[in-house]
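**Student:** Below: one structure in structure tokens.
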Amino acid sequence: MTKNSSTVFTHARIATLEEKAANLGLIEEAALVVKDARIVYAGPENKLPGEYASFEKIDCGNRLITPGLIDCHTHLVHAGNRAHEFELRLQGATYEEVARAGGGIVSSVRNLRAASEDDLVRETLPRLDALIAEGVTTVEVKSGYGLDRDSEIKSLKAARRLGEERDVAIRTTFLGAHALPPEMNGDKAAYIDRVINDMLPAIAEQGLADAVDGFCEGIAFLPDEIARVFDAAKAHDIPVKLHADQLSNLHGAALAASYGALSADHLEYTDGDGAAAMASAGTVAVLLPGAYYFIRETQKPPVEAFRAAGTKMALATDNNPGTSPLTSLLLTMNMGATLFRMTVEECIAGVTREAARALGILDQTGTLEIGKDADLAIWDIERPAELVYRIGFNPLWKRVFKGQI
């Protein structure tokens, strides 16, 4: 591991992922220069300024440099697993049937409440390590398995500690409106009161949330209930995002757009109006093919409608114990292509530039541009398409986080 803050990566091919660049912004025979954890040059090697001649050099051997990958939707902090529910679904039970029978999210709540913060960190690190091993440099982590003030705070603190234990950027999201805890006896209005009057103020005061999320679905919370949470988030000046239209069309995409949400996620049942509303609001569509695959969904998100509307699309693992126990963004890209018919360029942009946009950090990372964080992944491949094409193969050569290998 090098601690040199000034490095030139030579003999490289660079996919900058710049916004308007064609073909992933690919530059052949390129060099990239890092100084003080920032990118200071990314371009043709034969135009490399002489001022960098004394910097440490790393010969990339014509390998491909991309931005470090970004997993923009995870529930990485959880306790235990739900393999038994996997077996139930194989026997024919639906996601909704499992949830209504007391399984699903509520079973994860029991496990998380019983775990200590240290337990959560210890159990989560192997999942995080699996992502890091594939070139991931930023991970979004949601709460939502505590569903009371102390447990939600515990989850968010555990998530923040992940960034202290590993060289990775962590973005935390408060997902109090994830499910109704059993002690509320079906009283959703009273629970939303707790979310906005008890949990959110404490979390905001401690600065533990970079965003606020909700689950807008018949088995979770209806649009008017989510709107109350979003109004409270806006009062605390915290951006919002939404689990929307996964199992039915409750017009969650349009709701998210009406609040200027960073993203709306899942979106299998979103219609053309929802796609257009998201495009107008700049709300990113975060597609989660792992969950689609794992629960054997048949309704695909409207990728063509998103393209037609100009809605930006990101991809994420949705790592969670019940519906997407997935810790591979490389496999997620392949699923985005094979299941949702996304292009190679859409898939790679979806785990770099558009994932950064979905987290509100595109000004810091997600592309290889001067002034941005030196978060890089260097791949031993001949074509960018290999990142999407291969299954069960990791061609990562080096991962660079804030300029450090």
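Cβ coordinates are placed from backbone N, Cα and C, and glycine is handled just like the others.
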**Student:** Return the residue out of Asp148, Asp150, Asp318 that Swiss-Prot annotates for the same Zn(2+) site as His73, His75, His243.
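**Tutor:** Looking through Asp148, Asp150, Asp318, the residue Swiss-Prot assigns to the Zn(2+) site is Asp318.
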**Student:** Arg82, Tyr145, His178, Thr323 show up in Swiss-Prot as binding 4-imidazolone-5-propanoate; which entry in Gln246, Gln404 does that record put in the same site?
**Tutor:** Gln246
**Student:** Between His75 (Fe(3+) binding site) and Asn320 (N-formimidoyl-L-glutamate binding site), what is the CA-CA distance rounded to a whole number of Å?
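**Tutor:** Each residue's Cα considered, His75 (Fe(3+) binding site) and Asn320 (N-formimidoyl-L-glutamate binding site) end up 5 Å apart.
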**Student:** Just to be sure I understand: of His73, His243, Asn320, which binding-site residues have a C-alpha no more than 10 angstroms from the C-alpha of His178 (4-imidazolone-5-propanoate binding site)?
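**Tutor:** Correct set: His243.
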**Student:** Suppose we draw a 10 Å sphere around the Cβ of Asn320 (N-formimidoyl-L-glutamate binding site). How many other Cβ atoms does it contain, all chains included?
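**Tutor:** Asn320 (N-formimidoyl-L-glutamate binding site) is surrounded by 24 other Cβ atoms within 10 Å.
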**Student:** Tell me which of the binding-site residues His73, His75, His178 sits in the most Cβ-dense spot, judged by other Cβ atoms within 10 Å.
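**Tutor:** Within the set of binding-site residues, the most crowded position is His73.
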**Student:** Write down the Cα-Cα distance for Tyr145 (4-imidazolone-5-propanoate binding site) and Asp318 (Fe(3+) binding site), rounded and given in Å.
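**Tutor:** About 14 Å separates the two Cα atoms.
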**Student:** Please report the Cα separation of Arg82 (4-imidazolone-5-propanoate binding site) and His73 (Fe(3+) binding site) in Å, rounded to an integer.
**Tutor:** 19
